[in-house]
Amino acid sequence: MEESIVASDEEYLTEEEEQPEQRGIKRKHEDDEDDEREQINQDDEQEGGTQSTSHDNSIVVANHYNKLQEKGLAERFNSKIFYLRNFNNWIKSMLISDYLEKIKDSMQHGSPLRVLDMCCGKGGDLLKWHKGRITYLICTDIAEISIEQCRARYEKITANDPPERKSFQAEFFTADSTRDRLRERYIDPSIELNLVSCQFAFHYCFESPKQAEQMLKNVSECLKIGGYFIGTIPDAKDIMKRQRAAQSDSFGNDVFNIKFLSDPDDLPIFGAKYNFHLDGVVDCPEFLVYFPAFVKLAKRYNLKLIENVRFEDYFQMKIGKGRGLIEKMQAAERFSLNGNRNLSRSNEEEYKHAKDFLLQKGGYENRRKCGTLSASEWEAASLYMTFAFQKVKGPIE
Ligand SMILES: C[S@@+](CC[C@H](N)C(=O)[O-])C[C@H]1O[C@@H](n2cnc3c(N)ncnc32)[C@H](O)[C@@H]1O
């Protein structure tokens, strides 16, 4: 691949300032500094009345992920979101390797490196942990079948290791990270973790303040001082921006759709619910993560925000280092000015940004080929952001 682009800047600008479309979720937060605390209290009081509905949601999510079939390579290749999934996987690879490096740089050579993969699913990140040469991994997820598949995948990856000297040891259990205390389920509850990773899943805890608190308690409880909490979530600000632009409760394209189940003009900080549909992979309720509330809550658990970066910016930041991996992971599709017989989409509009990019570049760099995502896939990829927190000793200002 000569050059990797996914979209031109003009088409997918991020705006730094808070946009009016944020007001729906912001208003309540601004009204009262202790708003989240109030919501927690209300939650406690109403527990009997609201719990069943709330649990129903977790059951829907668990059932949804349990039902997802493992797809073969051919089926995955023919999916409309083949490159999008690989691109998301590349982002995770870069994020994970970045923080594993930071951890290794700060610890004594030969010290154990222990990781919690919270909401691990079928173990999509197991190879990353293997390549990252960690010592110990805890895998947990609400979906029992996913955990079984994750364990099986781990056995496969480590099958050639001598049993007494596996490349890394691991434990697996089913739990609701938003309700259960994970520590009580660990083989060693006194374990000290270097890294907690929660990929494409933290948003499920924003159903209620109580669930968000439990999730963050689970993150922080066994994390060493100096250890990191990393993840990927939908960017609520961007979702609101798109909802406002669409002037509809439902928007998307042929690969994804978001349908608001809460009133977009009067969103609560917790429980702002929408249904997310992603072609053949996701179709279940999710919750907007109002980021300032996330940061504020995290502080209570001594987790200090290090960075939060939208995927499109993260791509720009990491492409220098991760170009080779993009190609290896097939995280972008080859587009050429000389003809494109093998593109996944026949609609030329899907690659207009790549063509414009090359025509513009070609003038002075003579580039004829680049790597890209179709416009529809990019619209879905650019819904997301990465985040990283560090566990610190004292209270955070
Ligand atoms: C989109 S998948 C991501 C899986 C994995 N982290 C990855 O990146 O491949 C979201 C995962 O979150 C899990 N999940 C959702 N709610 C959960 C909860 N309350 N507790 C634990 N896991 C949960 C789902 O079962 C699912 O496996």
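Every residue gets a Cβ built from N, Cα and C, even glycine.
Curation does not apply to TrEMBL; its annotations are automatic.
The compositional bias 'Acidic residues' annotation in TrEMBL covers 1-19 (among others).
TrEMBL lists 31-47 (among others) with the feature compositional bias 'Acidic residues'.
The feature compositional bias 'Polar residues' is assigned by TrEMBL to 48-57.
Among the features that TrEMBL reports, domain 'MRNA cap 0 methyltransferase' is placed at 79-392.
Annotated site 'mRNA cap binding' per TrEMBL: K122 (among others), in sequence order. Under the three-state DSSP scheme, K122 (site 'mRNA cap binding') falls in the coil class. Cβ neighbours of K122 (site 'mRNA cap binding') (same chain, under 8 Å, six or more residues apart in sequence): L68, E70, S146, Q149, C150, R153.
Counting every protein chain shown, 21 other Cβ atoms lie within 10 Å of the Cβ of K128 (site 'mRNA cap binding'). Taken from TrEMBL, the feature site 'mRNA cap binding' covers K128 (among others).
According to TrEMBL, the feature site 'mRNA cap binding' maps to R153 (among others). There are 17 other CB atoms within 10 A of the CB of R153 (site 'mRNA cap binding'), with all protein chains counted.
Of all the Cβ atoms in the protein chains shown, 21 others lie within 10 Å of the Cβ of H203 (site 'mRNA cap binding'). Taken from TrEMBL, the feature site 'mRNA cap binding' applies to H203 (among others).
The annotation site 'mRNA cap binding' is assigned in TrEMBL to E286 (among others). In the three-state DSSP assignment, the secondary structure recorded for E286 (site 'mRNA cap binding') is strand.
When secondary structure is read from DSSP and collapsed to three states, Y384 (site 'mRNA cap binding') falls in the strand class. For Y384 (among others), the entry in TrEMBL reads site 'mRNA cap binding'.
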Neighbouring C-beta atoms (10 Å sphere around the C-beta of Y384 (site 'mRNA cap binding')):
18
Let me check the 10 A CB neighbour count of E286 (site 'mRNA cap binding'). How many other CB atoms are there?
24
Would you kindly give the Cα-Cα distance separating Y384 (site 'mRNA cap binding') and K128 (site 'mRNA cap binding'), rounded to the nearest Å?
20
E286 (site 'mRNA cap binding') and Y384 (site 'mRNA cap binding'), distance between Cα atoms, whole Å
13
